[in-house]
Amino acid sequence: MEEIEIIHKPVMLKEVIHYLKLSPGKIVVDATLGLGGHSSEILRELKGEGLLIGIDRDEEVLNLARERLRKIANNFVLFNTTYDKVQEILKELKLSFIDAILFDLGFSSFHIEKSERGFSFMRPEEPLDMRYSKDTTLTAADILNSFNELELSNLFWEYGEEPLSRKLAKKIVERRKEKKFVYVKDLLEVVEEVIPKRKRHEATKVFQALRIVVNDEVNILKRALDQIPFILAPRGRIVVLTYHSIEDRVVKNFFKSHSDKIFPVNKKVIRPSVNEIRENRRARSAKLRVGERRE
């Protein structure tokens, strides 16, 4: 467990706990449990009363989180599924409403450091998998080896906002005629050939786009958010951490389209402190949005 502590620092923990407005007896959902960084603190705030419901699609990560949470309290239940199943979960638990829900849309540092599934361009020897769950069939390699040039170009533009998406797609199609994409290094060779050096690594947007599509992240997020007005108790809170403009746009649109039922607690988006960014690089692009269910 010490190893887990080292590789996982929950982003904006103090702010998240503050805006969830926790107290003993409340029913809280952590829709993106991960290694349980935020949930550990949520359990402490509940003080053995109420219920924490944790959701994660990665069984390996879920089991690690379970061991961590057991050391704090036992008033929690975990589900190995996608968070767009939240209404089904509440039905199974015979619950009508929840008091708070957290979405931390960043992928766990476990996936970069320990999963060996090719989430990071810093791991050239890993396979191009990028699946959070083995129940998903489509891998990053499948996309690179089978999508046509237009599909690849659209993917990199829509989900990565990569300005050289067309050029990159063309080069990928050319390259796979000679050699299939299997490992991270195979993709990096093409990226480095097409995309010039940038402030952030030139593969960042490409890997983001592939990860989003492999795991159907945008559609799952939209489906989950649409359920919130029906499951959040009056004055209940929704707290969302986003890390890139695509998912942040989805969250902004949700608050806008459901303003009759949920109002934004803060007029402006909340950003991590300079100190936190210095201590935890994963926090640098984080944006925190908070909504409250109208009575």
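We number each residue from 1, going along the chain as drawn.
Using the three backbone atoms N, Cα and C, a Cβ is placed for every residue, glycine included.
Worth saying up front: this structure is predicted, and the values here are computed from it rather than measured.
Per Swiss-Prot, the feature S-adenosyl-L-methionine binding site maps to GLY36, GLY37, HIS38, ASP56, LEU90, ASP104, HIS111; the stated evidence is sequence analysis. All protein chains considered, the CB of GLY36 (S-adenosyl-L-methionine binding site) has 30 other CB atoms within 10 Å.
Under the DSSP three-state reduction, HIS38 (S-adenosyl-L-methionine binding site) is assigned to helix.
The binding-site residues listed here are ASP56, ASP104; among them, ASP56 has the most other Cβ atoms within 10 Å of its own Cβ.
Around HIS38 (S-adenosyl-L-methionine binding site), the C-beta neighbours below 8 angstroms that are at least 6 residues distant in the chain are PRO10, LEU13, VAL16, ILE17, ASP30, LEU102, ASP104. Using a 10 Å Cβ-Cβ cutoff, GLY37 (S-adenosyl-L-methionine binding site) registers 23 neighbours.
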